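Just below is one structure, and these are the notes that go with it.
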């Protein structure tokens, strides 16, 4: 187990280098970062050259990458063009996104798995059919429609929630945006759980559990559910990585200043340091989330052993 | 009588129509007695057992008639919660494939101990001690350590011993073993059967042994009930049945056993296939495959005739049981 974790961590190094190099090149090749600084007018050539020297942009790209990575390992993600250190931006953006992700994941786990179990046990009955149709609708409607609609109804018309989240973004204000963000994944979790439950329900070990005279709730929670959750855990695990990447659409609708918002601003203003910095951290988050999912497998299913 | 099944009818609603899996089965088992239920796949032997156990999937299954009397009370009339308390504690079941029948993600100790925590309200610690005791009893070496292992870490024979231990846990009065040795190596089969027979004698349990293996039956069973297309076609004490079958189907089964003294000859097989349960032939269900079939077999369903000759009770559902028995 320990050796497996070490091996996986070592495998992360080339993935990490490759991913950051790729994003570094893409951001550099796509346009001149200085051009965006002077608004709509063209920059004064002397000022531009001065800025290029200052940010090291006159050096070859590979050298820029090495300098950048060197700095990253000392915890210096550079400065955004407005003079704010990128780490400071991360410091305000990530806690907000983490809170939003927590709301979304809790919704996926609690609502998604519950609906999945209920429908999986009542396959073909009216509850099952209606939930299935509902999930299909949720999957088909884009997030910006659901988001804007809920914002309009709950926030503006009925005034149950604040249509725009305050900069501190406390948990209670993130409930509706979190649900919007989770909606599509929630529908997938429901469907995955449903299929898995319905399949395992006919399995021999569930029949054994019933023959042992165990109460129904114990058969379901202890014998059926744990075996059925393995594919669901995979999905939720990878979804954590995706959700941490920030929900550009959801964050914009509800004016949440999280990772998605900062990335969007960074790309819009061609703010290289911000974009590369955030993506670098996201690559790490994604890799770690995947590793955790793989390790969780072994906990859920003892037949899986890592050596 | 410990268990009496009376005129049981079970059907399944499928896309192809109604499958009549059990059509009026009656049998009885007393404490300390072993009844072997013999039949091909689809003969209704497992469905009958599942109905007795109360683990039939309803729907698609449906019990249309009959009684299951366990120590005099009809289990089919009990409420689900009362029925649950009978399962595992008063009657237990051993399944064919121990690997798929044990939960892959729980330790064997948890699965054995569960019987005690749920039915007897024991603490987890006491239940664990009981689990080790049970594993010792079914002669699993190093039980103290292996109790923490998962089913996939045991061999096939050891897994079936764990299934047996789980069934024995609360010392039930009746055990139903559904092809307990089919999935095992021949050498291990004998050990597992011996263990089962030994425990049955020790606790004076009733045992219903469901099998299609005539070899297994001869050693351990007291009585045999042969099933075909959801009916009992012959029932007799083991040795009487082996000596002189009173039904052409039983005779066909006995003739199909490979014999060492007839090495090199072609094996005998009953011609044709068992009928589809959605289209059971009229009259005697066996008539299309029967070498003795007459006109009456196509039209009249034979009742289970009393064919008792000496003192042991025998029955045969064949119009020509006399010819079969003496011919």
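Each Cβ is built from the backbone N, Cα and C atoms, and glycine gets one as well.
Note that TrEMBL annotation is computational and uncurated.
Residues annotated as domain 'ABC transmembrane type-1' in TrEMBL: A:94-297.
TrEMBL lists A:12-31 (among others) with the feature transmembrane segment. Counting same-chain residues at least six beyond the ends of the transmembrane segment (A:12-31), those with a Cβ under 8 angstroms from any Cβ of the stretch are 61, 64-65, 68-69, 270, 272, 275-276, 279-280, 283-284, 287, 291.
If you look up TrEMBL, you'll see A:98-119 (among others) marked as transmembrane segment. When Cβ-Cβ distances below 8 Å are used as the criterion, the transmembrane segment (A:98-119) is approached by residues 127-128, 131-132, 169-171, 174-175, 177-179, 181-182, 185-194, 196-197, 220, 225, 229, 232, 236, 239-240, 243-244, 247, 250-251, 256, 258 of the same chain, each at least six residues removed from its ends.
The transmembrane segment annotation in TrEMBL covers A:131-154 (among others). Within its own chain, the transmembrane segment (A:131-154) has Cβ neighbours under 8 Å at 115, 118-119, 160-161, 163, 176-177, 179-181, 183-184, 186-188, 190-191, 194, 247, 249-250, 253-254, counting only residues six or more beyond its boundaries.
What TrEMBL records for A:174-193 (among others) is transmembrane segment. With a cut-off of 8 Å between Cβ atoms, the residues of this chain six or more beyond the transmembrane segment (A:174-193) that come close are 99-100, 102-109, 111-113, 115-117, 119-120, 131-132, 134-136, 138-139, 143, 146-147, 150-151, 154-155, 161, 165, 228-229, 231-232, 235-236, 239, 243, 247, 250-251, 253-254, 256.
Note on the transmembrane segment (A:228-254): residues 93, 97-98, 100-101, 104-105, 108-109, 112-113, 116, 120, 143-144, 147-148, 151, 163-165, 176-177, 180-181, 185, 188-189, 192-193, 196-197, 199-200, 260-264, 282, 285-286, 289-290, 292-293, 296-297, 300-301 of its chain, located 6 or more positions outside it, place their CB under 8 angstroms from a CB of the stretch. According to TrEMBL, the transmembrane segment annotation covers A:228-254 (among others).
With a threshold of 8 Å between CB atoms, the same-chain residues lying at least 6 positions outside the transmembrane segment (A:274-300) that come near it are 1, 5, 8-9, 12, 15-16, 19-20, 23-24, 27, 68, 72, 77-78, 80, 86-87, 89-90, 93-94, 226, 229-230, 233-234, 237-238, 240-241, 244-245, 259, 262-263, 265-267, 306. As annotated by TrEMBL, transmembrane segment applies to A:274-300 (among others).
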